[in-house]
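Only one structure is covered here, and it is reproduced in the block below.
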Amino acid sequence: MFRCMLVRSSSSAKQSLMRRNLSSGSVPERKVAILGAAGGIGQPLALLMKLNPLVSSLSLYDIANTPGVAADVGHINTRSEVVGYMGDDNLAKALEGADLVIIPAGVPRKPGMTRDDLFNINAGIVKNLCSAIAKFCPHALVNMISNPVNSTVPIAAEIFKKAGMYDEKKLFGVTTLDVVRAKTFYAGKANVPVAEVNVPVIGGHAGVTILPLFSQATPQANLSGDVLTALTKRTQDGGTEVVEAKAGKGSATLSMAYAGALFADACLKGLNGVPDVVECSYVQSTITELPFFASKVRLGKNGVEEVLDLGPLSDFEKEGLEALKPELKSSIEKGVKFANQ
């Protein structure tokens, strides 16, 4: 509905049959673990995943306060059973048997902070958590939310490689919030219902590396170059807009939790065999010369089934693509270097 999603008409009968099967009690058992579940993103994300009927077991992990979050969320009358785990000693239990691990752990941005300022703290947290994932649930899909995503995804890849269990099809940088923002901002300017809007967003997940492809937006609206430039800038600066509006009291937590829940839902549908689930995500990729890149990805039982081509770009978007490459390349290299220190 709100997703960067393609549905082929030829598979509509197959899909409706799949939906009937999923709604008639044949939904597979799926364990989802949230690492950083007591934080600003983690708590609303835990709530949203508790509401997802595809989840049978919800495992909430953090270094503090998780029992309270688990008790609170656990009272909600939906399918999944909730268990809270606190501290390093319980990380193994939190992860064992997980089909999907979502990582919003880390410190949030504060006013004046760039995503780079977050790097040393969050990179260390991600490194430790990914070492545990490699050990206790090596076949799980991993959804990386911890910033800077442009670097934390390459860090995770390197940690998994060292452990001898790296599968590039199962590691995702969650860039869905960029898509959510692009849709919202575009709908406002195009004066169309936001539920009908689709906008692919490519590149990375920070500043100029975020490139919304408004030339491919649907429904198409005849917006001027100046409006499209402003929409692109606002999408790129969406995180800063929230940080400044919260005046030092936090960053984008609620909208990020929503976006994280959307992407997790798509991953679960893919695992369960729902056909033609397509989302934008930051993954290992060969569609540009960069080793990691966000674009439309078809999701399936193995995670990434196919990384889709970028499609036709406007001249403005082609310029944006070339402009983002040096910064994204630098962020990737920074992550690889940190992981191998």
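Backbone N, Cα and C define each Cβ position, glycine as well.
Where the annotation comes from TrEMBL, it is an automatic prediction and has not been curated.
Here is what TrEMBL records for this protein:
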{"type": "DOMAIN", "residues": "31-173", "note": "domain 'Lactate/malate dehydrogenase N-terminal'"}
{"type": "BINDING", "residues": "GLY36, ALA37, ALA38, GLY39, GLY40, ILE41, GLY42, ASP62, ASN122, ILE145, SER146, ASN147, MET256", "note": "NAD(+) binding site"}
{"type": "BINDING", "residues": "ARG109, ARG115, ASN147, ARG181", "note": "substrate binding site"}
{"type": "DOMAIN", "residues": "175-338", "note": "domain 'Lactate/malate dehydrogenase C-terminal'"}
{"type": "ACT_SITE", "residues": "HIS205", "note": "active site, proton acceptor"}
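All features noted in TrEMBL, drawn onto the structure.
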residue : record                       : Cβ contacts under 8 Å, 6 or more apart
GLY36   : NAD(+) binding site          : GLY42, TYR61, ASP62, ILE103, PRO104, ALA105, GLY106, SER146
ALA38   : NAD(+) binding site          : LEU60, ASP62, ALA64, ASN65, THR66, GLY68, VAL69
GLY40   : NAD(+) binding site          : PRO108, GLY250, SER251, THR253
ASN122  : NAD(+) binding site          : ALA105, GLY106, VAL107, SER146, ASN147, PRO148, THR152
ARG181  : substrate binding site       : ARG234, THR235, GLY238, SER255
HIS205  : active site, proton acceptor : ASN147, PRO148, VAL149, ASN150, GLY173, VAL174, THR175, ASP178, TYR282, ALA294
MET256  : NAD(+) binding site          : ILE41, LEU45, PRO104, ILE145, LEU177
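Within the model, the domain 'Lactate/malate dehydrogenase C-terminal' (175-338) shows a mean pLDDT value of 97, rounded to a whole number. Secondary structure by DSSP for the domain 'Lactate/malate dehydrogenase N-terminal' (31-173): 61 helix, 28 strand, 54 coil.
Its own atom aside, the Cβ of GLY42 (NAD(+) binding site) has 27 Cβ atoms within 10 angstroms in the protein chains shown. Neighbours of ASN147 (substrate binding site), defined as other CB atoms within 10 A of its CB across all chains, total 27.
SER146 (NAD(+) binding site) counts 28 other C-beta atoms within 10 Å of its own C-beta, drawing on all protein chains shown.
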